[in-house]
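These come from TrEMBL:
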type: TRANSMEM; residues: B:6-30; note: transmembrane segment
type: TRANSMEM; residues: B:75-98; note: transmembrane segment
type: TRANSMEM; residues: B:110-130; note: transmembrane segment
type: TRANSMEM; residues: B:209-232; note: transmembrane segment
type: TRANSMEM; residues: B:238-254; note: transmembrane segment
type: TRANSMEM; residues: B:287-309; note: transmembrane segment
type: TRANSMEM; residues: B:359-380; note: transmembrane segment
type: TRANSMEM; residues: B:412-431; note: transmembrane segment
type: TRANSMEM; residues: B:438-454; note: transmembrane segment
type: TRANSMEM; residues: B:539-558; note: transmembrane segment
type: TRANSMEM; residues: B:564-583; note: transmembrane segment
type: TRANSMEM; residues: B:590-607; note: transmembrane segment
Amino acid sequence: MSGDPNTLLLTRDISVQYGGVRANDEVCIEVGAAEIVGLIGPNGAGKTTFVDAVTGFAPHTGTIELDGVRLDSVPAHRRRRLGLARTWQSGELFTDLTVAENLAVSVDPPGLRGLVADLGRRRKRADEDIQEALSLVGLEAMAGRRPDELSLGRQKLAGVARALVGSTRVLLLDEPAAGLDTEESAEFGHELRRIAASGPGVLLIDHDMTLVLDVCDRVYVMDFGKIIASGAPSDVSSDAQVIAAYLGSPVTP
Amino acid sequence: MNDLLQFAVIGFSTGAVYAVLGASLVSIYVATGVINFAQGSVALWAVWQVAGLRTNGVLVLPVGSVQLGSGPMDVWPAVLIGAASGLVWSLLAHLLVFRPLRRAPELGQVVASVGVMLFIQALIPLRFNAKALGTEPSSLIPLPTLTSKVFTLGGATIAVSNLILAAAAIGIALALAGYFRFTRMGVATRAGAEDEQALRLMGYSPDRLAAFMWGTTGFVSGLIVILAAPAIGGLDPTSYMLYVVPALAVALVGRLTSIGVACGAGLALGSVQQILLFLTTKSWWPSWAQAGVGDAVPFVIVVVALFLLGRGIPERGARDAGAQAPVQVPRLRPLWTAAPVAGTAVAIVLTTGQWRFSLVMSIILTLIAASVVLLTGYLGQISLTTMAFAGAAGFALSKLTTNVGVPFPLSMLLAALTATALGIVVGVPALRIRGAQLAVATIAAALAIESFVFNNPAMTPYTGNLIADPSLFGFSLAVREGTDLITLRFSFMVLVIVAVLLIAVTRLLSGATGRAFLAVRSNERAAAAAGVNVPAVKLLGFALASFLAGIGGCLIGYSRGQLSAASFTVLVGLAVLATTYVGDITRISGAILAGIAGPLGLLYLVFTQTIDLGHYYTLIVAAAMLLRVVVFSPHRGAVPEWLLVRRARRSPAQPPAAAHAKEPADVR
Ligand SMILES: Nc1ncnc2c1ncn2[C@@H]1O[C@H](COP(=O)(O)OP(=O)(O)OP(=O)(O)O)[C@@H](O)[C@H]1O
Ligand SMILES: [Mg+2]
């Protein structure tokens, strides 16, 4: 499976156990540079759990490699600094900070060095990086707003920008388009293409099949914690197993 | 061996108090999610109530008093009335404070319960005075209620009353546990803590169930303390109030869910403390560790229990921090900085004596309050250890200047760094616990530091912990000179140090450090996902806050010429938290208000000198704190919310979104 020089993120046999629930069962996934990979599955399939495991928020077994570097025993914040960024299903912006400041948290590391920088000369905030990330998701005009002044859909986009800023190599997006209407969702698809074209690999989780099938290069399908199918969007959408998995669950938008 | 048995049984008297208070804390937590720091104070009122009744039959009330019968009242009616007073206080606290705050963020709830605690604590000496009691309060002792019979068992003398107390504690715990497990109401209460809506559908009012629990726990807490008071001795308000700390410790051992474990742990803790007390009298026990072990044990228990309980990063679905007081990121504007500093300098020059002294105290308190703003307001870590950090630095300063002779600026710096080290140690539990539970750990730490360090005779020479006057390049900066109570030079030194540090704090809070703090405060998981090293940031916060408090402690020390342990008690620490919360815990300007209103600051002097309200100081601060959190809350407390809902009902055209989401269902 590996060996592809383009592969950025490679997970092998990721398993997560929550009490009696095996929320992830030996999940193997690959995401290449400038590639958009979809991860779909019914509610409760374990998609968010997978993102949690990969980014260091759920205890797991198995290995995670980012560009050949093993990450599985690295704490969550280090994984982010190494370029593995995520968004949250529920937005989770910092409510006291403006949108731009939300992004700045990811750019300026706090700590003793930051302390000295704060006390002395103002550090040059990576304003350009922040502006660029905001414009990639079309939120330049919202830089000075607080999260609660934004619609839920835009909060999600701000979360995407926060994950994007800095030297992000792989972006894991957990239902970033859930608050958007059809038009905005299509617009977001274009933005996503632009983002991927600039280098990072993207793992996209979403229930919006149109979006996923449109923008993804490849799609993985998860059910009961297992990958049950993968391949090109057209193959996956006609796979009988996939259809069964979706019909067997409450209808999702 | 029989010695150990004997002391273990003696320990049942305090153990029974811990057990019942602990079981009550668990019950209230299960029913309402509140950790009630005022549990000990409620019981304290009950003890005094009984003392008043049994001395000459007066029923002292929060306002006025009533003579019941012509002489001292009999034992059991007095005990019943006393326990009932615990019920009433507890119910009042529920109705007036905790019920309106049941959706408030944890900081609000902690502040509220500390407010109730301070309020009752301050009210007792005011109400139970010589006039109401007909005798000097200091001459009162808790009269015996239980049998004084003793018997011997294997050479140990055992008081029957201690066994009765233990049995009473176990009985009360069984009753509480049985209520939650076997009665429909109890099961509903447990369910209601998770889902109020479901409870209403079942036909119960969550409010009434909560009220029942508050009343019951107030009654049993009062009862057990009344029964145990003769054995544990004295009527000192502070020590009763602080029984809540070991009680919180055992409640946490019971994971705030098991009443049985809390009760067992309480009895065991009482015994262990007595046995330790006995062992400290042995010749082989190190003399430096003779005082304070009893208070250190609960701290260790709290830390270990919480550490095992806690999680590095809160889980998905874990209780959110909830809405928090909004923060305005500060901006340093030269004029807004220079004007108050210049104004204060002028005030220093224009005042003398007492007034200047209070002004300087206010300046120092501003610095200490700024440390609360940084750690609790910005980083969201509820710490009740601030004054202990300050005191620890003052203590180190005394040793450094008198024993080692370290010169001035260095001595203060080293002393503050000692407090910093202590702050980092106390901050370690914060890596795995949060909110009200952290408040528990930090108050236990404060108590341990107070009794192990400040009040430890082995660490204090007979002359007291003297602190040498500061001087710089042969230029004296001493606080006193001749008859001058406080010199200009010393006052200016304080002003310069505090102003420089406040400017530094403002810079930090408006920079990347402040952003990271706010990120951690609002969402730890998201902060970690954004690349913030959450544990490091928390420890940094504790380090900075304890450094600031440490400098404040050194300045207080210099102003007295020695370490005055009374300046750094847990109670003073709570008062500082109270005034900072009232001032505004999320702003540096709030710290300035806190400095003015803080213990022994300007406001205090105004109270004592002009309107003779000095006695009422703590009461007023506690009342202000309660009003602030319940009525004028920064996170929009109950009353404004209620008004919004009413307004929304009148003009249903534009219901405010927030009011709808948080609408209390019982508003009619
Ligand atoms: N912290 C946790 N503790 C216990 N079980 C959990 C936890 N988090 C998730 N689970 C369980 O793991 C399973 C997978 O959940 P997960 O949220 O990963 O699914 P999902 O595919 O993201 O669903 P959705 O499409 O609804 O977001 C579910 O059965 C869920 O109940
Ligand atoms: Mg999910």
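Cβ from N, Cα, C; glycine included.
Source: prediction; values computed, not measured.
Beyond the ends of the transmembrane segment (B:359-380), by six or more residues, the same chain brings 107, 321, 324-325, 327, 344, 347-348, 351, 386-387, 389-390, 486, 490-491, 494-495, 497-498, 501-502, 505, 508-509, 514, 517-518, 520-522, 537-538, 541-542, 544-549, 551-553, 555-556, 559, 576-577, 579-580, 583-588, 590-592, 594-596, 598-602 to within a C-beta distance below 8 angstroms of the stretch. When the stretches B:110-130, B:209-232, B:590-607 are ranked by Cβ pairs under 8 Å to the transmembrane segment (B:564-583), first place goes to B:590-607. Per-stretch counts of Cβ pairs under 8 Å to the transmembrane segment (B:75-98) identify B:110-130 as the leading one among B:6-30, B:110-130, B:238-254, B:438-454. With a threshold of 8 Å between CB atoms, the same-chain residues lying at least 6 positions outside the transmembrane segment (B:590-607) that come near it are 340, 354-355, 358-359, 361-370, 372-373, 377, 502, 567, 572, 575-576, 579-580, 582-584, 613-614, 616-617, 620-621, 624. Beyond its flanks by at least six residues, the transmembrane segment (B:209-232) meets 10, 13-14, 16-17, 19-21, 23-24, 27-28, 31-32, 39-40, 42-47, 50, 79, 82-91, 93-95, 98-99, 102, 141-146, 159, 161-162, 164-165, 168-169, 172, 176, 185, 188-189, 192, 199, 240, 243 of its own chain at Cβ-Cβ distances under 8 Å. Long-range contacts of the transmembrane segment (B:438-454) within the same chain: residues 35, 37, 110, 242, 245, 248-249, 252, 291-296, 298-299, 302-303, 306, 381-385, 387-388, 391-392, 395, 422, 426, 429-430, 460, 563, 565, 568-570, 573, each at least 6 residues beyond the stretch ends and with a Cβ under 8 Å from a Cβ of the stretch.
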